[in-house]
């Protein structure tokens, strides 16, 4: 394989640029040419494809976001979109593709491989919700950004004797909430993976104020549960009498210079993705498990270790969905006594 391409797709995540840099420089060291694709699969279909060299990725390792831009392009799920993208790949002499993104991005990589264009997926999302890896690129940075913000909110919360509900991203996964909540000393953490009793949450706030001598209370809420405003309304309906404020950290968690950990795992996975393509392997996703590099088939059976399977009706299902560490939820409860 002499010429490959790299793209980023879906939501941006700190560390994507580090992964792009690794793909480009590793490929060049192996005697391969690299092309960048702007705006993910949308750019592939539009032919927004251009050469990338070492100079183009210089000084990118410390930058957040993705300099290749990103976009969601549901049309690529259809055969017409796939064939249009493949036509552009052929036009530019591209033989393989590295795809950095989440589940939807992996589905595109799977389709490319089926059409004879080996594609390798790299997990890039702050949500840390992709099967086949313990950590995704961007997660560590997002957690650190959340902790910094919660630490600052604690200052104002304690100054005014208030309760703060801090909503964090994560889609349907509670990883950011759990890790940031523990690291910031949150009083309560609410995640989608665990049922909660709103009346117990309210009574815990009251008990902390009246019997523990606390003058403030921090609740970290994963967005997959409900919005912070809706949660606050339910708290009041459950009898909470505290001076309550809501802060949604929102997209700030996607930005910022990536942490050292995100830069390292992005570089590690990007380099390995190139090695796989060099060997002509596609339809695989790179990941980290027990601090070691792993690779999994994107499509296949659960017994084969594949991330996704197809039902008889042609529906894509996740074989081993990512699960947040609920032992961390128990840990935080024991530490917030």
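Glycine residues also receive a Cβ, built from the backbone N, Cα and C atoms like all the rest.
Swiss-Prot names 21, 22, 23, 24, 25, 185, 186, 187, 212, 214, 215, 216 for binding ADP. Of 3, 154, 245, 254, the residue it gives for the same site is 154. Swiss-Prot names 72, 73, 102, 103, 104, 105 as ATP ligands; from the candidate set 11, 170, 174, the record adds 11 to that same site. Cross-referencing 162, 261 against the substrate binding annotation in Swiss-Prot, which names 125, 126, 127, 169, 170, 171, 223, 245, 251, 252, 253, 254, picks out 162. Residues 9, 10, 40, 101, 108 surround the recorded ATP site, their Cβ atoms falling within 8 Å of the Cβ centroid of 11, 72, 73, 102, 103, 104, 105, which are themselves excluded. Comparing the recorded positions 127, 187 on other C-beta atoms within 10 angstroms of each C-beta gives the minimum for 187. All chains included, 30 other C-beta atoms sit within 10 angstroms of the C-beta of residue 105 (ATP binding site). Of all residue pairs in the ATP-binding list (11, 72, 73, 102, 103, 104, 105), the one with the greatest Cα separation is 13 Å apart. Nearest in space to residue 254 (substrate binding site), taking C-alpha to C-alpha distance over the binding-site residues 23, 72, 216, is 72. Here is what falls inside 10 Å of the CA of residue 125 (substrate binding site) among the binding-site residues 11, 21, 102, 104: 11, 102.
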